[in-house]
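K.L.:
Below are the features I grabbed from TrEMBL:
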| type | residues | note |
| --- | --- | --- |
| BINDING | K96, R284, R285 | substrate binding site |
| BINDING | M131, Q159, K183, G184, A185, K197, T222, H223 | FAD binding site |
| DOMAIN | 42-293 | domain 'Proline dehydrogenase' |
Amino acid sequence: MVNRVLMWAAASPRLQRQVTENPVARRAAHRFVAGARLEDALEAAAELNSRGIGSILDLLGEGVEDLSGVGHAVAEYEEATQAIAAQGLDSTISIKLSQLGQTVDRDACVANLGRILGGAKAVGVRVEIDMEDSTLVPDTLELFREAATAHPQTRLAIQAMLRRTPLDLEALAPLKPRVRLVKGAYAEPVELAQQGKGEIRAQFKFLTDWLFRHGVDPAFGTHDDELIAHARKAAVQAGKGPEDFEFQFLYGIRRDLQRELVDNGHRVRVYVPFGSAWYPYLTRRMAERPANLLFFLRALVGR
Ligand SMILES: Cc1cc2nc3c(=O)[nH]c(=O)nc-3n(C[C@H](O)[C@H](O)[C@H](O)COP(=O)(O)OP(=O)(O)OC[C@H]3O[C@@H](n4cnc5c(N)ncnc54)[C@H](O)[C@@H]3O)c2cc1C
């Protein structure tokens with residue numbers, strides 16, 4: 001129920017305006033979002049690096065519907081890659097194709113993606129591609145396939161909850177894809193996606209084993225202890241060492257576990273969202289864990 005209300009809240013422009021214009025709400029969001037500016041994200045990345053943790057810079061914003069918004073996102077990402085290289089940070093960037101014009105002008109999106117990938121490669125920064133809702137999955141896979149042929153370092157997020165995912169991965173196998181495996185953050189209909197926690201976990205474990213056999217340098221984007229334990233065990237069974245894969249976390253979540261993994265020699269990378277468009281991101285995080293909603297409401301009323 002809370003979950004459904006939050007998914008509704010994520011899509012409500014009116015509520016979004018009311019919350020994002022509230023300075024107290026903006027401050028409370030800082031637990032999960034580095035800040036509004038690129039400098040805030042770079043600072044967060046440097047702090048993570050000082051603790052032996054890599055970062056993934058993510059400019060918040062999705063479903064950009066006008067080309068000026070697209071131009072702004074492309075420029076921000078280019079600036080981010082330049083700054084990461086200039087400051088010698090251990091950081092990738094992660095992009096959403098809908099920010100690059102995927103649903104407005106696909107040719108422009110292809111050109112923008114090529115521009116970002118080319119620029120990042122020139123300064124030695126890796127690029128990751130987020131996976132968005134199921135309407136964008138087929139095209140995102142297609143664009144990844146084209147991108148990964150020219151830029152094999154590119155990593156794609158793949159959602160374990162989607163029923164189609166095992167077949168999608170089989171189709172990508174010849175590319176030896178770099179994948180970030182996640183459960184999936186979007187509300188999807190039962191025909192397209194597993195709904196039960198147990199089923200999603202089972203598929204995540206199956207895909208983890210698959211990635212150790214067919215992928216390159218897999219990343220596991222989860223805070224779920226059971227899935228992290230499974231990946232550690234599966235790596236040993238596949239003859240992989242801790243340098244052959246990484247765990248990825250969201251900013252502000254399970255810092256205890258991040259530390260424990262680093263202390264045990266694992267590679268850890270934290271996804272650092274920044275930018276003014278933090279509202280849909282934050283409501284998705286609250287839908288995953290209603291305790292975060294309580295945290296946010298308490299911060300709003302100053303307790
Ligand atoms: C690095 C990274 C990148 C991602 N990229 C994408 C993407 O491109 N596309 C996409 O659809 N999804 C993405 N996701 C989100 C993902 O799909 C899940 O929605 C999210 O990770 C929650 O699932 P979980 O595996 O952590 O398991 P859950 O069952 O949600 O959580 C397991 C445990 O982790 C902790 N936890 C989880 N979430 C939170 C939270 N919000 N606040 C506090 N504690 C929490 C709790 O202890 C919880 O019991 C990404 C996640 C990560 C970590």
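Cβ coordinates come from backbone N, Cα and C, glycine included.
Note that the coordinates shown come from a computational prediction; the quantities given were computed from them, not determined experimentally.
Locate each feature and note its surroundings.
P.N.:
DSSP assigns K96 (substrate binding site) to coil in the three-state reduction, outside any helix or strand.
For H223 (FAD binding site), the count of additional Cβ atoms within 10 Å of its Cβ stands at 17 [all protein chains shown].
Across the domain 'Proline dehydrogenase' (42-293), mean pLDDT in this model comes to 94.
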K.L.:
Max Cα distance spanning K96, R284, R285 (substrate binders), Å?
P.N.:
17
K.L.:
List the residues of the same chain that sit at least 6 positions away from R285 (substrate binding site) in sequence and have their Cβ under 8 Å from its Cβ, in sequence order, or write 'none'.
P.N.:
F32, L250, I253, N292
K.L.:
Report the same-chain neighbours of K197 (FAD binding site): residues 6+ apart in sequence with Cβ closer than 8 Å to its Cβ, ordered by sequence.
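P.N.:
Non-local contacts for K197 (FAD binding site): none found.
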K.L.:
Should A185 (FAD binding site) be counted as helix, strand, or coil on the basis of DSSP?
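P.N.:
Once the DSSP labels are grouped into three classes, A185 (FAD binding site) ends up as coil.
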K.L.:
Which binding-site residues of K96, G184, H223, R284 contact ligand 1 in the sense of C-beta under 6 Å?
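P.N.:
The ones that qualify, in sequence order, are G184, H223.
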K.L.:
Which whole number of Å gives the largest C-alpha distance between any two of M131, Q159, K183, G184, A185, K197, T222, H223, the residues noted as binding FAD?
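P.N.:
Farthest-apart Cα atoms in M131, Q159, K183, G184, A185, K197, T222, H223 are separated by 20 Å.
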K.L.:
Based on Cβ atoms within 10 Å, give me the single least packed residue among the binding-site residues M131, A185.
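P.N.:
Ranked by other Cβ atoms within 10 Å, the binding-site residues M131, A185 bottom out at A185.
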